[in-house]
Amino acid sequence: MKVGVVGAGVMGTGVAQCFATSGHEVVVVDPDPAALASGPSRVRDGVRQRALLGGARVDPAEVGARLRWTAGLAELAGCGFVVECAPERVSVKRELFAALGGVCGAEAVLASCTSAIPVAVLAAVTAVPERVLATHFMNPAPLKDAVEVVRGAGTSEVALARAVEVLASLGKKAVVVGDAPGFVTNRVLMLTINEAVKVVAEGTAGAATVDEVFESCFAHPMGPLRTADLIGLDTVRDTLLVLRDLLPDPACEPSPLLTEMVEAGRLGRKTGQGFHTWRR
Ligand SMILES: NC(=O)c1ccc[n+]([C@@H]2O[C@H](COP(=O)([O-])OP(=O)(O)OC[C@H]3O[C@@H](n4cnc5c(N)ncnc54)[C@H](O)[C@@H]3O)[C@@H](O)[C@H]2O)c1
């Protein structure tokens, strides 16, 4: 099947890798020339990393040959499934969903990888709300076995079944949830991260210690601040703003320390520095 991925950042690249590794032809659309230029090598690195971590050994060149990188949304024509992975901003995603219905195939399922924006908000701008849902992949997408699938009030049984089937073709289990700001995952996780940032700002403990508490005492594989670095602090901040506006809940107001770090370009793993230092 021809698949579209909109946005070639952290998630778009990982999602594109999942589809191409499973034999799908993938068109990746991004307006940023730097994202398009670095996409192929990021996928190659991702394929090698997955093999090192015990995943199937596949030829990175073969995977790369199934991917086309472009700035043109029109190249999504004929796609049967599209995953939108653009930044977590309501205006950006609504503009894309308004265009996608007209560009993609007549039967195409339009899925968003949004962290928190309800499906209803995106479906409302399309002529095909029954084909809109969210496939909230986890990060890094190629290494995670399950996807939070969000069914909107208007999502059809057919579209939902297609999404579950397509995810199964990637070896991923769909966990279907209802439609609400942040769904299940980020209604809980984003508030936890925000509180952890406040703990650091208040001086109760440094970032390493906060994470150690979760990792050693709770046996979580990764503490909230390491998780925030992995997500991208800009994406965490944008997701909190979505939750604050839609819930609305003052607890979702991003901690001033988080905003400061984003403004200073300390975005976490993708820039090498966040609450922790990362090798790039
Ligand atoms: N990072 C995570 O851990 C994570 C996990 C699950 C879901 N998400 C969600 O996935 C989406 C993407 O997040 P990300 O971390 O990959 O962000 P990112 O900032 O790494 O990448 C976003 C990409 O979208 C591109 N873009 C900007 N405007 C666009 C447009 N109009 N059309 C197409 N592409 C456009 C940017 O150039 C960039 O390459 C967000 O909605 C985010 O909330 C993120």
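Cβ atoms are placed via backbone N, Cα and C, with glycine included.
In the record from TrEMBL, residues GLY7, ALA8, GLY9, VAL10, MET11, GLY12, ASP30, GLU88, LYS93, ASN139, LYS270 bind NAD(+); the candidate from SER115, SER156, SER255 listed for the same site is SER115. Look at the Cβ of each of the binding-site residues GLY7, GLY9 and count the other Cβ atoms within 10 Å; the largest number goes with GLY7. Here the recorded positions are MET11, ASP30, HIS136, ASN139, and the one whose Cβ sees the fewest other Cβ atoms within 10 Å is ASN139. The Cβ of LYS93 (NAD(+) binding site) lies under 8 Å from the Cβ of GLU84, ALA86, SER112, THR114, ILE117, VAL121, LEU122, each of which sits 6+ residues away along the same chain. Cα-Cα distance from MET11 (NAD(+) binding site) to HIS136 (site 'Important for catalytic activity'): 10 Å (rounded to the nearest whole number).
Here HIS136 (site 'Important for catalytic activity') is positioned 14 angstrom away from GLY7 (NAD(+) binding site), judged by their C-alpha atoms. According to DSSP, MET11 (NAD(+) binding site) sits within a helical segment.
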